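> Quick one: this structure, given as structure tokens, is what I'll be asking you about.
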């Protein structure tokens, strides 16, 4: 195992800090969405009353702080190291949801959290070092290679199909629609964020990168993708259980981001087969933890349903909203 580089250490510290803020923001925003839904149309029904809720704005500010830390992390460490550490935000989100939103966390949820930590640690200890990039034009060259252009085209086609065909029909009953949009666009966001972060880092070191148009194109991509993600993430949070949204979003977002990073930055090109296999094992361990959190949440709420008749259907943690004709305690994911 190679010794971690100083840049990777900086990236890890920033990524962990980001997870704390982002995990907390899910809970704070959900409180705001709930309060807004009492007095007006819910976000899932096209309402924007949450914009007048202080709780929602507090959650947004918390998320922005977390995203800034995450943004900075990408300037120092490769995406394959920074992105999986988002699993820690799942832990904070699930625990806070248990105490604040009363979305019960089963005892096996603790095991899921431990698996997320173990998997994250494995990836941190075996992650590749950051490439030496001397100009944003170098990142632009990587982004315009045929492989990444093909990936971007596929993502855009799938996202547009989800938005214009599946979202109006299945968005309120199938969580995978909203989360899929956010995750796919998120992979492009991360690649652009990394480019902008590198440009800022190089600019602060005395090499102005914003004199090149490439940096501004990356900024535009980041802005558009972020607005789209916030909109559909709000709809997902308003229609489905927070403790399920967080892990499912993490799994899909991380998977697509790692794929995008492998294609664009070729993170594994300098690593041995053993190192790559170890990182994959770490990622699978994290996926196992998120799966346990999903199953745990179902088990916790099943107990609540047996003991209470006042449970809200909208808080039931399933891929299919309990407003549909299917069982509210189903744990089998719905395929589009």
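Cβ coordinates are placed from backbone N, Cα and C, and glycine is handled just like the others.
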> So which range, 129-147, 148-166, gets flagged transmembrane segment in TrEMBL?
148-166
> Looking at the stretches 12-28, 82-101, 178-200, 212-232, 244-264, which one shares the most CB pairs under 8 Å with the transmembrane segment (108-128)?
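Comparing 12-28, 82-101, 178-200, 212-232, 244-264: 82-101 has the most Cβ pairs near the transmembrane segment (108-128).
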> At a threshold of under 8 Å on Cβ distances, which of 82-101, 178-200, 212-232, 244-264 pairs most often with the transmembrane segment (12-28)?
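Answer is 82-101, with the largest number of Cβ pairs below 8 Å.
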> Which of 82-101, 178-200, 244-264 shares the most C-beta pairs under 8 angstroms with the transmembrane segment (212-232)?
178-200
> Six or more residues beyond either end and a Cβ under 8 Å away: which residues meet both conditions relative to the transmembrane segment (244-264)?
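Residues 23, 26, 78-80, 83-84, 86-87, 89-90, 93-94, 142-143, 145, 147-148, 151, 155, 175-176, 179-180, 182-184, 186-188, 190-191, 233, 236-237, 283, 286-287, 290-291, 293-294, 297, 317-319 contact the transmembrane segment (244-264) from elsewhere in the chain.
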